[in-house]
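S.K.: Per Swiss-Prot, active site, nucleophile is recorded for Cys80. As annotated by Swiss-Prot, active site applies to His168, Glu170. The ATP binding site annotation in Swiss-Prot covers Ser222, Gly223, Gly224, Val225, Asp226, Ser227, Ser228 and is backed by sequence analysis. The feature domain 'Glutamine amidotransferase type-1' is assigned by Swiss-Prot to 4-194. Marked as domain 'GMPS ATP-PPase' by Swiss-Prot: 195-388.
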Amino acid sequence: MNSRILILDCGSQFTQLIARRVREARVYSEIHPPTKSLDWIRAWKPTGIILSGGPSSVTDEGAPTIPPALLDVAPVLGVCYGMQLIAHLEGGSVVGGGRREYGRAEVTVDEASGMFAGFTAGEKTTVWMSHGDHVEQVPPGYVATAHSGNTCAGFRHKTKPIHAVQFHAEVHHSARGAEIIENFLFDICHCAPDWTPGHFIDLEVAKIREMVGDRQVICGLSGGVDSSVAAALVHKAIGDQLTCIFVDTGLLRLHEREQVERTMRAHLGIKLITVRAEDRFLNGLAGEGDPEKKRKIIGHTFIDVFEDASAEAGKNAEFLVQGTLYPDVIESVSAKGGPSATIKTHHNVGGLKPDMKFKLIEPLRELFKDEVRNVGRELGLPEEMVGRHPFPGPGLAIRVLGEVTPHALDVLRRSDAIYLEEIRAAGLYPDIWQAFAVFLPVKSVGVMGDGRTYENVVALRAVTSTDGMTADWYPFPYEVLGRISNRIINEVDGVNRVVYDISSKPPATIEWE
């Protein structure tokens, strides 16, 4: 892997999208604050540099900036604020006030080359704008490449590989944004598309083997995508030196424990210890209906159970595997170069007590979620595991509204299983970000046969999303909803009514608790 793009985050909400678009083009990228020193950047040897957008004005005191010499280290692309920063540093004119552009806009291409290779001069394209300031005059030695109304929407240096666009090419609303980014990667930076799951696995396996040697490793397995892929990757590197611990909280979905055991033991040959702690969790939750208190009870109980299990199973272990992903690692105040709240400097992981001084192995810390799924597929994990929807840490406890009881969990498990089975049968599962059933703490009157019933209500939730930050309810075909409702009412004892949640996020959250 020789090609890599350095993204300097000037504070944009879209910076992670830039990294994702670059990765989707199979080029490795990392996000760092613009306060990184010139020496550090040169030593990192970027194939290209992208300056992100941001909320500041380039003339603000303390606004993100870069040393001008950075523009000579590698080809540079400035996006939104990044474009204004280049103009400011190179002697152009950036002004605020006047016409502000937010949302979709139409840009006219002035020069059909460089960033706009594949376009035609005079062609209009839809893009996503989010700026108040704009470049009034391009710097000496630069030429405009696109405009929006009377405003410069792109420029380039006449002889150096320095390019900029005022719009957010990384956002899906920019119709040909991916093409524009790929022009920078391949035509201007001459990157090689060598960032692949297989290449990543080879590099990570070698790294893990060197780090671990012949020592023992434990992994807390949740059954979710991240911990499962992390375990499979570490197992590929060190085999039976890895022991996984899976805690059955009693709050799992139908047959979930059996599925995890089957995948890990039979399919992958991973040493797995299953801890049956259902009674411990349910006893702790008895009588508690407040969602935040339920979360805390589950969190504290899990820590106690895992510590007991790891003290026995991992008594000789020196390393702990954690499924940290790249969004967790990116420095939280990177635009100002502040310290990261998520980069770990100690061994107190996920609430575990400080005296559990394992060394961390975080094999997925360079990956986004979609890349984790692809690595899992490359490692041979079944699609039912790598393609599964997100599942909350507290499990079904936050999908039983109010007190968690064995009866409520049983009704919810069986309703949820029918729901997901029908979604898969209709071929809709991959189109949905998350789908699940909710047990409501109310009963309703119904009629079955000649008799009156007074039974439980189950709500169904399904949303589409790209990142979980915002979400829209999924528009099921009526016949699918009808089939799901009919099966739940007829096959799950104690349910006589099914409702579908058509709330978007915001204002509603995806989960009910």
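Each Cβ is built from the backbone N, Cα and C atoms, and glycine gets one as well.
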S.K.: Within 10 Å of His168 (active site) (Cα-Cα), which of the recorded positions Cys80, Val225, Ser228?
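M.R.: The recorded positions close to His168 (active site) (Cα within 10 Å), listed in sequence order, are Cys80.
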S.K.: Between Val225 (ATP binding site) and Cys80 (active site, nucleophile), how far is it from one CA atom to the other, in Å?
M.R.: 35
S.K.: Measuring Cα to Cα, how many angstrom lie between Gly223 (ATP binding site) and Cys80 (active site, nucleophile)?
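M.R.: About 41 Å separates the two Cα atoms.
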S.K.: Look up Gly224 (ATP binding site) in the DSSP assignment and reduce it to helix, strand or coil.
M.R.: coil
S.K.: Can you tell which of the recorded positions Glu170, Ser222, Gly224, Ser227 lies nearest to Cys80 (active site, nucleophile) in space, using Cα positions?
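M.R.: For Cys80 (active site, nucleophile), the closest Cα among Glu170, Ser222, Gly224, Ser227 is found at Glu170.
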S.K.: Within 10 Å of the Cβ of Gly224 (ATP binding site), how many other Cβ atoms are there?
M.R.: 17
S.K.: At the Cα level, what's the spacing in Å between Ser227 (ATP binding site) and Glu170 (active site), rounded?
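M.R.: On Cα coordinates alone, these residues lie 29 Å apart.
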S.K.: Cβ within 8 angstroms of the Cβ centroid of Ser222, Gly223, Gly224, Val225, Asp226, Ser227, Ser228: which residues besides those meet this for the ATP site?
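M.R.: Going along the sequence, the neighbours appear as Leu221, Val229, Ala230, Gly323.
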S.K.: Around Asp226 (ATP binding site), how many other C-beta atoms are within 10 angstroms of its C-beta?
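M.R.: Neighbour count, Cβ to Cβ under the 10 Å cut-off: 20.
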S.K.: Under a three-state reading of DSSP, tell me whether His168 (active site) is helix, strand or coil.
M.R.: coil
S.K.: Among the recorded positions Cys80, Val225, which residue has the largest number of other Cβ atoms within 10 Å of its own Cβ?
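M.R.: Of the recorded positions Cys80, Val225, the highest Cβ count within 10 Å belongs to Cys80.
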S.K.: Could you tell me which of these binding-site residues, Ser222, Ser227, Ser228, has the greatest number of Cβ atoms within 10 Å of its own Cβ?
M.R.: Ser228
